[in-house]
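Please read the structure below before turning to the comments.
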């Protein structure tokens, strides 16, 4: 019949297309879908494709004014999740025309927007995205990347060492700067503002920036090494954030910091552009990520947030520790660590990687291991993360019984010992404790640290684990 046929029709009639062959320019998404009882997986998968692209709940007259075939998302493959009675991985392909160039904000508004509140689904989780090279080329990405950062810092062949200044809230700017100086003088490469530190009554941002810059230059002069402190530019408005970044540049410091999820992708991308134009490195903290990524059946996996950050821009990002106090299983963590650092990553379901991803010319991001780690973890961290990483010890530096500078010395000695042992061909996983003990014989600072933390472990099973093999 000619003309418009009003009414409601099943999504799967339009949006479930198992015969579809994906294009190189499509954005591909893997969703973990838990349909409501009685809703077939084809209908649920098609509903996800529809609601995150061109569809709405009823047919509309204006559908006839455009080519739905050109613009609609398509659910092209569904597979049951092994070991789960009512979960399916639904693969959806989106035509590239649906997205604004260079906008992570727009990409997420579509793909993880209203569809997550959809009644026909009990739960929905975005497991992975394949970003086509054509879309990647519309993003600047990280301001500098791994190689440029090493060249700026003149540090090669080892992981970098950091420390989050604690107590995270309550110090005056002067005392805060003192702690920064002691840690950097003791041998760390970086110190860090805690993510909660913005500009509170006890320490306004400008005072903190000044005292930290002074600490940094003093430590640089005494050690002959380039030092950095992540000055947190996160603020209540984009304008205020940029004002803080400009002041950091005027002070001549090497690096600023942003909380990219609470600050938002629009603000983050603006800041990343400023950092590239003005030679600032950009450290990214992922505060709020666990709200989005910790539940296994709903939300968004961190590997998607990591990909989005590489597009939006950042030179460092927190990526879990595998061995510390915060969530992160080894295979999954290494999966998205490689996604951050490498140019090309093959599909590998054993590490939770659903798609092959080619980053073309986008620089890499350095993963930061931080949270409940100390000197006994150093061999494992060196082995797991390799050279292109930042290992951050907050309490593991400042909790040293002799103070901050000896805490920094202990970490630097432990790191150098692990790197030396690895370069000599020793097995860090098997001999880690022995390597640390040997080094502590000639470093009293390390010996004291070893004594304090010899029994500390955070042994809980990860919540977000890989699915069993079929």
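The backbone N, Cα and C atoms fix where each Cβ goes, and this holds for glycine too.
Copied over from Swiss-Prot, here are the features:
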| type | residues | note |
| --- | --- | --- |
| MOD_RES | 5 | N6,N6,N6-trimethyllysine |
| BINDING | 114, 164, 168, 286, 318, 370 | substrate binding site |
| ACT_SITE | 166 | active site, proton acceptor |
| BINDING | 192, 194, 195 | Mg(2+) binding site |
| ACT_SITE | 285 | active site, proton acceptor |
| SITE | 325 | site 'Transition state stabilizer' |
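Shown on the structure are the features that Swiss-Prot records.
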| residue | record | DSSP (3 states) |
| --- | --- | --- |
| 5 | N6,N6,N6-trimethyllysine | coil |
| 114 | substrate binding site | helix |
| 164 | substrate binding site | strand |
| 194 | Mg(2+) binding site | coil |
| 286 | substrate binding site | coil |
| 318 | substrate binding site | strand |
| 370 | substrate binding site | strand |
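Across the fold, the C-alpha of residue 195 (Mg(2+) binding site) and the C-alpha of residue 164 (substrate binding site) stand 9 Å from each other. Between the candidate recorded positions, 285, 286, the densest Cβ environment within 10 Å is the one around 285. Among the residues 114, 164, 168, 286, 318, 370 said to bind substrate, no two Cα atoms are farther apart than 37 Å. On a Cα basis, residue 285 (active site, proton acceptor) lies 10 Å away from residue 370 (substrate binding site). A straight line from the CA of residue 192 (Mg(2+) binding site) to the CA of residue 166 (active site, proton acceptor) spans 10 Å. Put plainly, the binding-site residues 168, 192 were compared by Cβ crowding within 10 Å, and the winner is 192. With respect to their backbone Cα atoms, residue 285 (active site, proton acceptor) and residue 168 (substrate binding site) stand 14 Å from each other.
Comparing C-alpha positions, residue 286 (substrate binding site) sits nearest to 194 among the recorded positions 5, 166, 194. Here residue 114 (substrate binding site) comes close to 51, 52: these same-chain residues lie at least six apart in sequence, with C-beta atoms under 8 angstroms from its C-beta. The number of other Cβ atoms within 10 Å of the Cβ belonging to residue 318 (substrate binding site), over all protein chains shown, comes to 22. Considering only the recorded positions 164, 166, 168, 194, 318, the residue whose Cα is spatially closest to the Cα of the residue listed as 'N6,N6,N6-trimethyllysine' is 318.
Here the CA atom of residue 194 (Mg(2+) binding site) lies 12 Å from the CA atom of residue 318 (substrate binding site). Residue 194 (Mg(2+) binding site) is 8 Å away from residue 166 (active site, proton acceptor) when you measure Cα to Cα. Rounded to a whole value, the Cα-Cα separation of residue 168 (substrate binding site) and residue 194 (Mg(2+) binding site) is 6 Å.
Long-range neighbours of residue 194 (Mg(2+) binding site) (same chain, six or more residues apart, CB within less than 8 Å of its CB): 164, 165, 166, 168, 169, 232.
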